[in-house]
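Asks: Below is the structure I would like to discuss, written out as structure tokens.
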Amino acid sequence: GTCIDGINNYTCRCHVGYKGALCDEKERICGEDTCYPGVKCREIPDGYECACPAGFNGSRCESDIDDCQPSLCVNGKAKARTCIDGINNYTCRCHVGYKGALCDE
């Protein structure tokens, strides 16, 4: 930390990750709400990182990755399918006249 001189005393301004009168107590960075609920938080030298499960990203793992990008419902005719994003997956909803997992039949 940084020592700030006062009249007959001093105070310490602690660096990130430390606390206490002398900045000698390591602050717990990973708290209950640090990462998205249910996601494991891990302390690293520069702070913390959240171990995002498959299908999620973001600093707290709060964002569902759009599994429809790029379009995986491969039929080249846009009117043949609609891609529905799920958690680490997608589903193709085939329009009338098309069938198959990718609406390619």
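Note that Cβ sites are derived from N, Cα and C of the backbone, with glycine treated the same way.
These came from TrEMBL, pasted as-is:
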| type | residues | note |
| --- | --- | --- |
| DISULFID | C14-C23 | disulfide bond |
| DISULFID | C52-C61 | disulfide bond |
| DISULFID | C94-C103 | disulfide bond |
| DOMAIN | 1-24 | domain 'EGF-like' |
| DOMAIN | 26-62 | domain 'EGF-like' |
| DOMAIN | 64-104 | domain 'EGF-like' |
Asks: Measuring Cα to Cα, how many angstrom lie between C61 (disulfide bond) and C14 (disulfide bond)?
Replies: 29
Asks: Counting across all protein chains shown, how many other Cβ atoms sit within 10 Å of the Cβ of C23 (disulfide bond)?
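Replies: 17, counting other Cβ atoms within 10 Å of C23 (disulfide bond).
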Asks: Work out, from DSSP, the number of helix, strand and coil residues along the domain 'EGF-like' (1-24).
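Replies: So the domain 'EGF-like' (1-24) is made up of 0 helix, 10 strand, 14 coil.
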Asks: Counting Cβ atoms within 10 Å of each candidate's own Cβ, which of the disulfide-bonded residues C14, C61, C94 comes out highest?
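Replies: Buried the deepest by this measure is C61.
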Asks: Mean pLDDT across the domain 'EGF-like' (26-62), rounded to an integer, is what?
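Replies: Per the prediction, mean pLDDT sits at 89 for the domain 'EGF-like' (26-62).
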Asks: Using C-alpha positions only, work out which of the disulfide-bonded residues C14, C23, C52 is nearest to C103 (disulfide bond).
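Replies: Comparing Cα positions, the closest of these disulfide-bonded residues turns out to be C52.
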